[in-house]
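Heads up: the structure comes next, in structure tokens.
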Amino acid sequence: MRHSIGLAAALLAPTLPVALGQYIRDLSTEKWTLSSRALNRTVPAQFPSQVHLDLLRAGVIGEYHGLNDFNLRWIAAANWTYTSQPIKGLLDNYDSTWLVFDGLDTFATISFCGQQIASTDNQFRQYAFDVSTALGSCKGDPVLSINFGSAPNIVDAIAQDSNSQKWPDDVQLTYEYPNRWFMRKEQSDFGWDWGPAFAPAGPWKPAYIVQLDKKESVYVLNTDLDIYRKGQINYLPPDQSQPWVVNASIDILGPLPTKPTMSIEVRDTHSGTILTSRTLNNVSVAGNAITGVTVLDGLTPKLWWPQGLGDQNLYNVSITVQSRGNQTVASVNKRTGFRTIFLNQRNITEAQRAQGIAPGANWHFEVNGHEFYAKGSNLIPPDSFWTRVTEEKMSRLFDAVVVGNQNMLRVWSSGAYLHDYIYDLADEKGILLWSEFEFSDALYPSDDAFLENVAAEIVYNVRRVNHHPSLALWAGGNEIESLMLPRVKDAAPSSYSYYVGEYEKMYISLFLPLVYENTRSISYSPSSTTEGYLYIDLSAPVPMAERYDNTTSGSYYGDTDHYDYDTSVAFDYGSYPVGRFANEFGFHSMPSLQTWQQAVDTEDLYFNSSVVMLRNHHDPAGGLMTDNYANSATGMGEMTMGVVSYYPIPSKSDHISNFSAWCHATQLFQADMYKSQIQFYRRGSGMPERQLGSLYWQLEDIWQAPSWAGIEYGGRWKVLHHVMRDIYQPVIVSPFWNYTTGSLDVYVTSDLWSPAAGTVDLTWLDLSGRPIAGNAGTPKSVPFTVGGLNSTRIYGTNVSSLGLPDTKDAVLILSLSAHGRLPNSDRTTNLTHENYATLSWPKDLKIVDPGLKIGHSSKKTTVTVEATSGVSLYTWLDYPEGVVGYFEENAFVLAPGEKKEISFTVLEDTTDGAWVRNITVQSLWDQKVRG
């Protein structure tokens with residue numbers, strides 16, 4: 001049966017914007033089934049969901065353990081239909097009825113009441129379809145059916161069409177499934193070098209039936225809330241003395257009211273204090289949007305800052321739309337913050353030159369008018385199936401980011417545009433999100449239909465997330481300019497200028513105006529890695545003139561993207577790029593034994609077993625073969641060389657212990673290599689390149705396999721994340737040993753905005769822990785003062801000048817103690833950091849058994865660790881399966897007699913506390929010992 005509006009009012013979705021005369025049915029409350037000819041049966045389904053997950057819940061398939069990702073390809077090759085049970089209780093007296101889908105993945109045909117309504121082909125768009133006529137002719141309660149076509153089959157058919165766009169051979173990059181560039185779907189669904197290829201399908205975001213019961217009734221589809229300084233332009237530094245401007249624009253479904261008014265109320269979320277209530281000016285109606293603006297003259301809201309730079313002050317903004325008769329038509333609430341964020345790509349000024357900064361152009365971020373050092377990593381999709389990514393999981397992941405002293409994540413394309421709740425978490429925790437449009441490592445079609453489709457995608461998502469203070473940037477895509485255009489130049493030199501034109505047509509002439517038309521507060525870069533622009537002329541057909549192939553000697557432009565799998569130069573500072581900002585760099589490693597055991601049988605836990613090799617997708621298969629041993633051997637060999645070149649080679653008699661030791665060894669190499677690069681990049685803040693950012697690849701894993709991640713699937717920290725937490729502290733001391741020339745320099749680097757002063761103690765020990773006579777000719781303590789956002793060399797020598805009896809039996813311990821003011825703080829803070837240097841590679845050191853002892857404190861989650869007989873390098877505390885968390889300190893150095901009390905933060909425990917009895921400790925010595 002159907003209901004009147006009075007009875008239905010109680011069913012309004014409580015989290016949706018409120019509007020006049022609407023009835024909303026959340027389709028997740030309905031019962032659903034999933035069917036396919038490939039399955040020949042019907043199973044219960046959820047909504048939102050994806051096919052693989054419903055089949056898993058129904059017991060049709062198992063988890064993708066072992067090589068089961070290959071065995072599940074039949075799912076991606078089939079068409080699947082989600083069908084609702086008859087939907088009861090819709091209104092009889094409605095003016096119009098709509099189906100609203102916040103996300104369909106991807107090629108979907110929608111039927112309602114037995115009538116085909118529409119087809120969709122973009123995972124990232126919101127769709128609304130008028131089904132009033134279909135419902136009116138429906139005999140009985142309506143049934144909604146959504147048929148999802150096989151994405152691999154559909155894009156293959158598009159590619160084979162003679163009218164489809166073609167590209168030069170050897171340009172496009174295929175990981176597993178081919179032809180991903182023809183679809184507006186998560187590109188990594190077709191495989192990447194760190195994850196599987198499931199090509200999932202399904203209603204991956206919520207959907208609603210919306211009924212409007214009056215002609216003036218509306219439904220709010222999307223809201224664009226833009227907060228910026230008066231006169232602010234996306235590509236110019238905002239004037240911080242100007243008042244704030246609030247621009248509110250609401251996209252509605254239904255008839256636009258004539259001569260509407262708009263008002264806002266701005267309330268402090270912490271205190272509840274109202275900052276202002278006012279009517280908006282210049283209210284306009286265009287398309288399906290109602291827009292108004294106001295200037296907050298004389299008001300000084302508390303600013304939002306990234307973590308480590310200040311507080312995350314947030315405000316609730318209530319936006320109300322009223323009709324000509326002062327009746328409320330719609331009301332929307334958005335939580336936001338007052339901040340400016342600006343990507344500075346302007347030319348180096350004479351004043352900067354006078355400070356010692358090399359010529360060229362800037363490439364760094366400024367928040368609220370302040371330069372800062374961006375410390376962070378790259379975020380990939382946290383799961384192969386977005387519908388099982390929870391707010392709890394993302395909150396835990398972002399907590400690890402904050403604890404890890406990171407203030408920025410690059411949201412890599414091509415995954416998916418992040419859900420609103422993920423931006424909410426970033427707002428709360430102070431994590432800036434460099435965001436990108438979902439185009440990656442490919443050339444894409446440039447026909448009008450494709451461009452029209454992606455234009456709608458971009459407008460929707462730019463408007464959707466614009467109110468979040470954590471939003472830091474929009475980039476057009478991943479490595480299009482730095483990788484794909486050079487690939488064209490190599491493969492088809494005569495066509496290079498044509499494809500540059502195609503690139504500019506899409507990423508500059510189309511995307512840039514779409515961003516600028518919908519936000520004044522966010523900068524835009526056409527690609528993740530560029531050399532910046534020559535000039536911007538918004539009236540020109542190509543409004544941003546890019547700087548391609550810069551070769552100006554002594555000048556620095558743009559950001560850098562760096563991967564070098566030649567392990568012989570892993571610690572050669574001369575092999576690292578010198579630039580203004582490092583947005584992507586890294587090397588892969590194995591996950592821990594505990595994580596492997598979640599997905600791989602015991603008999604397969606060998607370093608080069610078939611299962612381990614085939615779960616390694618670097619180098620990628622480049623197609624759908626299931627025997628990618630040759631390409632995988634490249635990546636496995638790179639990890640092997642990283643270990644054997646620098647670290648003791650594990651050789652345990654028990655194959656599980658040996659496998660675990662090898663996994664750990666690859667993590668040691670990875671962590672040391674990243675540490676070496678980040679120390680180099682951070683030191684660059686005080687060098688002519690004025691380097692102000694390092695975002696390593698990558699934050700987290702999508703499954704259990706070798707990858708570049710610092711956090712494994714399931715939440716366990718690799719050595720990498722612990723080391724990054726240490727080296728991203730505000731003030732650090734770093735040794736720089738040039739193994740070719742023998743030079744040894746020690747630098748102090750600071751991210752603070754004002755000078756910090758203190759001392760660095762330099763202590764030479766042999767590996768038994770005895771002081772080296774005369775401290776090897778090195779001063780025992782060096783005072784220093786380091787400027788804000790700067791670095792300073794505090795000591796330098798050559799190894800040949802040191803009084804070291806044996807460089808293989810020596811370690812330099814560096815202990816920094818300083819005082820300084822954290823950004824936006826009036827108090828002086830004590831700052832400490834410890835580091836070390838050896839003048840031989842770990843494999844060549846004459847290490848001794850450090851005699852590690854571990855004890856349990858009266859506090860259940862605290863342990864004490866002590867070295868009794870030698871220097872413990874790479875001291876590593878580990879915990880068993882059944883618990884997830886992290887030690888407050890790990891991967892550290894202990895001298896004999898030194899004792900550390902270290903707490904463990906428990907995030908999840910299924911052992912009822914028994915895990916504490918199985919904490920272990922090891923060091924580099926254990927990697928060397930045969931057993």
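Cβ atoms here come from the backbone N, Cα and C positions, even for glycine.
Given the structure is predicted, the values throughout are model-derived calculations rather than measurements.
Going by Swiss-Prot, these are the annotated features:
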SIGNAL    1-21  signal peptide
CARBOHYD  Asn40  N-linked glycosylation site
CARBOHYD  Asn247  N-linked glycosylation site
CARBOHYD  Asn316  N-linked glycosylation site
CARBOHYD  Asn347  N-linked glycosylation site
ACT_SITE  Glu479  active site, proton donor
CARBOHYD  Asn550  N-linked glycosylation site
CARBOHYD  Asn608  N-linked glycosylation site
CARBOHYD  Asn658  N-linked glycosylation site
CARBOHYD  Asn738  N-linked glycosylation site
CARBOHYD  Asn790  N-linked glycosylation site
CARBOHYD  Asn798  N-linked glycosylation site
CARBOHYD  Asn830  N-linked glycosylation site
CARBOHYD  Asn918  N-linked glycosylation site
*Looking only at Asn608, Asn830, the glycosylation sites on record, which one has the least crowded Cβ, with the fewest other Cβ atoms within 10 Å?*
Asn830
_Just to be sure I understand: of Asn40, Asn658, Asn738, which glycosylation sites have a C-alpha no more than 10 angstroms from the C-alpha of Asn798 (N-linked glycosylation site)?_
Asn738
*asked:* Tell me the Cα distance separating Asn918 (N-linked glycosylation site) from Asn40 (N-linked glycosylation site), rounded to the nearest angstrom.
replied: 48
*Rounded to the nearest Å, what's the C-alpha distance separating Asn658 (N-linked glycosylation site) and Asn347 (N-linked glycosylation site)? Just drop the number here, would you?*
54
*asked:* By a 10 A CB contact count over all chains shown, which of the glycosylation sites listed here is most packed: Asn316, Asn550, Asn738, Asn790?
replied: Asn790
_For Asn347 (N-linked glycosylation site): intrachain residues, at least 6 apart, with Cβ closer than 8 Å_ = Gly360, Ala361, Asn362
*Could you say which of the glycosylation sites Asn247, Asn798, Asn918 has its Cβ with the most other Cβ atoms inside 10 Å?*
Asn247
*Out of Asn247, Asn316, Asn550, Asn608, Asn738, point to the one nearest Asn918 (N-linked glycosylation site) in space (Cα versus Cα); all of them are glycosylation sites in the record.*
Asn608
*Could you check what DSSP calls Asn918 (N-linked glycosylation site) once collapsed to helix, strand or coil?*
helix
*Under a criterion of Cβ-Cβ distance under 8 Å and sequence separation of at least 6, what residues of the same chain contact the residue listed as 'active site, proton donor'?*
Ser440, Asp441, Ser527, Ser528, Thr529, Asp561
*Cα-to-Cα gap, Asn316 (N-linked glycosylation site) vs Asn790 (N-linked glycosylation site), nearest whole Å*: 37
_Distance from Asn790 (N-linked glycosylation site) back to Asn247 (N-linked glycosylation site), taken between C-alpha atoms, in Å_ = 37
_Asn658 (N-linked glycosylation site): secondary structure state under DSSP, collapsed to three categories_ = helix
*Can you tell which of Asn40, Asn658 has the least company, meaning the fewest other C-beta atoms within 10 angstroms of its C-beta, among these glycosylation sites?*
Asn40
